[in-house]
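The domain 'NIDO' annotation in TrEMBL covers 100-245. If you look up TrEMBL, you'll see 319-359, 595-636, 637-679, 683-726 marked as domain 'EGF-like'. The domain 'Nidogen G2 beta-barrel' annotation in TrEMBL covers 363-596. For 260-299, 744-767, the entry in TrEMBL reads region 'Disordered'.
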Amino acid sequence: MSPGSRSCWWVCWFLLSPVLLSRALELEELFQFGEEAGDLQLPPGSDSTVELPLNRSVLFFSEESSRVHINTNGFVALAKPPAQQEYLGKMPSGFKMIAALLGDLDNSDGHGKVYYRQDSSPDVLNQAAGHIRRAFPSDEGVEPTNTLIVTWESMAAWGTSGRGDGLDAKRNTFQLALVSMESSSYAILLYPRDGLQFFSTSVEGESKYEVLLTFIHTDYHSLLYSTRKTNSARNGVWVYEIGATPIFIGIAPGMVTRSPEDNDPRYSPFAPRYPNPDPVEPRYTNPEPVEPVPPHSRPQHPQIVVVDEDLNVNVFAYNLETCANNRHKCSAFADCRDYSQGYCCHCRPGFYGNGRDCVAEGKPQRMNGKVNGRVFVGNSPSAVEFGNNDLHSYVVANDGRAYVAISNINSTAGPSLQPLSSLGGVIGWAFALEQPGYQNGFSLTGGVFSRQAEVIFQPGNERLSIKQHFKGIDEHDHLVVSTKLEGRLPAIPLGYSVQINPYKEIYQYDRNLITSSSNRDYVITSPDGDVQTRSYQWRQTITFQSCPHDESSRPAQSTQQLSVDQIFVMFDADNNLIRYAMSNKIGSVHSGPPEQNPCFTGRHGCDINAVCRPGEDLQFSCECVTGFAGDGHYCHDVDECQGGVQVCGQNAVCRNQPGSFSCECSAGFVFASDGKTCIENRPVDHCQRGSHDCDVPQRALCSYTGGSDYVCSCLPGFTGDGRVCRGEFTAAAGFPISPFKELQKEKVGPHQKRQSKGIFTPPSDSP
């Protein structure tokens with residue numbers, strides 16, 4: 001299969017997270033189209049195509065395209081499409097396309113129209129930006145520069161015109177907008193109410209097949225949902241980031257899968273509204289089992305300590321290793337249990353990890369980090385330096401598929417790094433698809449562990465050392481890793497491709513130690529087709545800290561086997577990127593009949609925000625992860641803040657997030673030491689305490705103004721802002737020339753003592 005085919009296949013089968021039903025998109029809410037909008041028209045027919053040069057290139061994955069091909073059959077292609085019989089009913093296609101509604105469509109009867117235009121007018125760019133901001137409310141810098149709008153109006157299914165059986169009256173109307181920005185591109189798909197009246201077409205009179213929607217399941221129900229659901233806060237509107245530079249991991253669907261149920265068709269950029277507009281304190285995520293969703297969420301273990309300087313108490317404690325003193329060290333999705341020698345953290349049902357780090361079952365995971373070090377390539381006497389190169393990884397947890405990209409890789413080292421898929425593929429082991437009775441890496445180690453690997457290449461005996469430190473989960477809910485490379489790689493020339501054969505790796509488990517080794521073969525193919533087969537030995541050690549007080553935390557199996565296949569590697573010389581992709585399963589080292597249940601093969605079709613639950617034989621069910629609701633095949637975000645139950649404590653405000661929520665203290669309150677209770681921010685008289693920042697008493701006066709506020713003013717005979725005061729004397733007598741009342745006018749506005757990190761006291765309005 002060609003790279004273009006792989007790209008199209010992956011795009012066409014990307015899954016959605018549909019939402020609750022509410023008001024549908026009206027026809028007049030589409031981008032304006034027709035002759036009055038200045039549109040051009042595609043010639044009538046059942047397979048018409050027009051090539052259109054773009055005013056601004058569109059990014060598809062990480063590749064730029066300066067022209068597109070618009071086709072009758074509901075898609076825009078990045079290369080000239082072949083005749084329709086070459087791709088209709090034969091997906092994946094051999095060319096890259098962005099399909100809004102792919103089928104054998106026809107407008108030769110004069111009723112249907114295909115309109116298209118490029119538009120960079122402020123109104124259209126603002127409309128496009130609004131859709132993108134609603135889909136990705138946390139993204140900044142959404143500034144479109146050009147929009148391509150294609151509208152398929154009143155399109156018929158081929159062969160139905162004039163039949164008189166009612167099918168000739170059914171028409172489909174839909175729209176696709178390709179939005180270009182400085183370093184990214186988006187596709188906006190719009191399906192108005194009653195816009196989809198038929199759901200299958202025939203291929204030149206052959207048997208029927210289902211119409212395919214890019215990014216949506218290829219069945220009747222998903223077609224029906226396309227007008228009633230959303231990923232961009234507006235039913236019938238679907239937004240996807242389809243390309244970016246310099247780094248692009250994969251197609252990103254919009255994050256807001258709930259449409260406001262009101263009667264106003266116009267929306268401002270997405271922002272929650274709350275009855276109390278007062279300032280709020282730094283937030284924490286509620287420790288109930290609700291899954292935070294990337295990319296924008298909190299640190300795993302936020303802890304704000306409020307020091308009460310008015311309280312002086314001597315406390316004697318003989319046992320601090322209890323849950324009472326350490327609950328905050330557990331994950332928000334874990335329970336703390338006391339044992340005879342101390343405490344341990346245990347992830348709650350629906351989550352997995354080591355208790356300190358817990359993630360929801362089935363939730364996609366991301367890993368970010370930096371790569372540093374020095375690597376020699378071939379016989380070169382000069383090393384290639386790595387200086388904070390970005391590493392990004394993404395894994396679809398419910399099928400074990402991992403994607404990795406490393407940026408700013410020059411053409412000297414890039415081709416030679418292709419065999420090292422495990423450089424970032426450790427996330428594949430961490431979140432591998434678990435076979436019955438076996439555990440992946442994250443289930444045992446959580447997010448904090450160290451990995452050291454040695455690679456010995458054959459036949460040249462080159463050696464490379466890889467050291468990686470995993471630092472836990474950051475405020476965006478991403479696993480963080482630092483990587484250091486030292487050693488030498490065998491040279492692979494630019495333009496040569498590498499294919500890594502599937503391999504199996506044995507993992508040996510002991511308390512706080514994991515070791516593994518494997519032999520891996522890879523094939524190098526020159527641009528002329530010459531093939532070389534090489535290999536390398538891989539040995540690694542993983543160290544981590546398990547809970548010493550719970551014997552049950554030991555691995556259930558002392559030996560496990562990681563199976564890795566469907567490996568894809570590529571050096572992208574145009575964008576200086578090295579890319580890896582692989583499928584990972586963890587299971588038994590003993591040979592036996594392969595597991596056929598779809599939950600263990602990854603071929604289950606569950607929503608990307610769902611976990612697959614195996615049943616007997618080939619039976620299984622799909623269950624939405626915590627924070628989402630639905631039938632498992634389609635999952636939508638649950639708004640915990642609107643559930644009628646007080647999920648936050650008193651003096652706190654609930655903020656909904658995709659898959660989660662957070663609680664924030666109201667103005668005048670701060671989090672207590674438990675990180676969840678909001679307590680009153682008691683005032684402190686810094687003037688009386690002497691904790692102010694005014695000048696010394698011989699030159700300045702500190703005046704308490706209420707709350708924790710005060711002002712500084714210079715004493716008679718001195719001038720300045722109260723924090724720094726300078727003497728002011730006459731030249732003759734050495735006496736001050738400014739009267740006291742005049743000097744008092746120089747006092748500055750309210751000042752505050754600098755608070756502890758993470759705590760903010762709103763300024764007083766006192767004079």
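Using N, Cα and C of the backbone, Cβ positions are placed for all residues, glycine too.
Source: prediction; values computed, not measured.
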Helix, strand and coil counts within the domain 'EGF-like' (319-359) (DSSP): 7 helix, 17 strand, 17 coil
Secondary structure tally of the domain 'EGF-like' (637-679) (DSSP, helix then strand then coil): 3 helix, 18 strand, 22 coil
For the domain 'NIDO' (100-245), the mean pLDDT of the predicted model: 82
